[in-house]
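Annotated carbamoyl phosphate binding site per Swiss-Prot: Ser53, Thr54, Arg55, Thr56, Gln80, Arg104, His131, Pro132, Cys133, Gln134, Cys260, Leu261, Arg288, in sequence order. The annotation L-ornithine binding site is assigned in Swiss-Prot to Asn162, Asp220, Ser224, Met225.
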Amino acid sequence: MAIKHFLQFKDFTREELEYVFERTSWIKNQFKSYQKYWPLSDRTLVMIFEKASTRTRLSFEAGMQQLGGSAIYLNTRDSQLGRGEPVEDAAQVISRMSDIVMIRTFEQEIIERFAANSRVPVINGLTNEYHPCQILADIYTYIEHRGCIQGKTVAWVGDANNMCNTWLQAAEVLDFKVHVSTPPAYEIQPELVGKINPARFKVFADPMDACRGADLVTTDVWTSMGFEAENEERIKAFADWCVDGDMMRVANPQAVFMHCLPAHRGEEVTAEVIDGPQSVVWDEAENRLHVQKALMEYLMLGRIQG
């Protein structure tokens, strides 16, 4: 099997994604039934962090251990990557001592260069541009709660960040629509818009209009990592883009609310919504664990028969 990476959502076909979702359900059921499943015994995951994280580290490290393998944590401050070693050189060495690599960093270019020089699969744990593992978990969570996402409408409210970018890619691959509402100056990046089928998304000035009839309403923090200096300015700019009960009430009555966490109640979402009956954020967070186990299994072992 040729080396397969997961650097952007569109790296996988619809068929591959459906397979990963199917495997996620099976693996999750094994976990919930306390059935040991160790297909990655004696395999090693190296996790490289330039951006700190709770959920990404925990889900990958625990997931690898639950599949029988081991995980090694590296951060750029304590490794040669933080001392100027070329990414290409690091990839050559690290990939000779591991079976799979997950990287959480700032620039997409870094992970692309690493993958180009790696002998093993590379997973994007998050970059400024994309967050494919999170959207994988989000879509799986929607399927668990409401069924197939094809033909549905996702409302994105807030910053057109890596999450928004990845939702747009996912809409292309899995055939659904995204309604996007952002404050002026925080819109979808022009270079990305040109790559997306215009039938897959629509931009709204008013977040209420974006949520109207939506099947899934989602948002993220107003100030992502690396943009802390803009925090006060962003709080003012995003004040009208807080997902509240009124927005959820104009959505489909069966709509669910998602947030990749951590959340700031009273900023991007009200407590009424995130702690309310339509919120599935805790299942969404847990599903990072299970969907990434299925992802790692597929990247290392290919399709499991039977």
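One-based numbering along the chain as shown.
Backbone N, Cα and C define each Cβ position, glycine as well.
On its own chain, Arg55 (carbamoyl phosphate binding site) has Cys260, Leu261, Ala285, Arg288 as residues at least 6 apart in sequence with a Cβ closer than 8 Å to its own Cβ. Put simply, Ser53 (carbamoyl phosphate binding site) is 12 Å from Ser224 (L-ornithine binding site) when counted between their Cα atoms. Of Ser53, His131, Cys133, all annotated as binding-site residues, the residue with the shortest Cα distance to Asp220 (L-ornithine binding site) is His131. For His131 (carbamoyl phosphate binding site), the count of additional Cβ atoms within 10 Å of its Cβ stands at 28 [all protein chains shown]. Cβ atoms within 8 Å of the centroid of the Cβ atoms of Asn162, Asp220, Ser224, Met225 (the L-ornithine site) belong to the same-chain residues Leu126, Asn128, His131, Asp159, Asn161, Met163, Val221, Gly226, Phe227, site residues excluded.
Scoring each of the binding-site residues (Cys133, Met225, Cys260) by how many neighbouring Cβ atoms lie within 10 Å, the top position goes to Cys133. In this structure the residues listed as binding L-ornithine are Asn162, Asp220, Ser224, Met225; their two most distant Cα atoms lie 12 Å apart.
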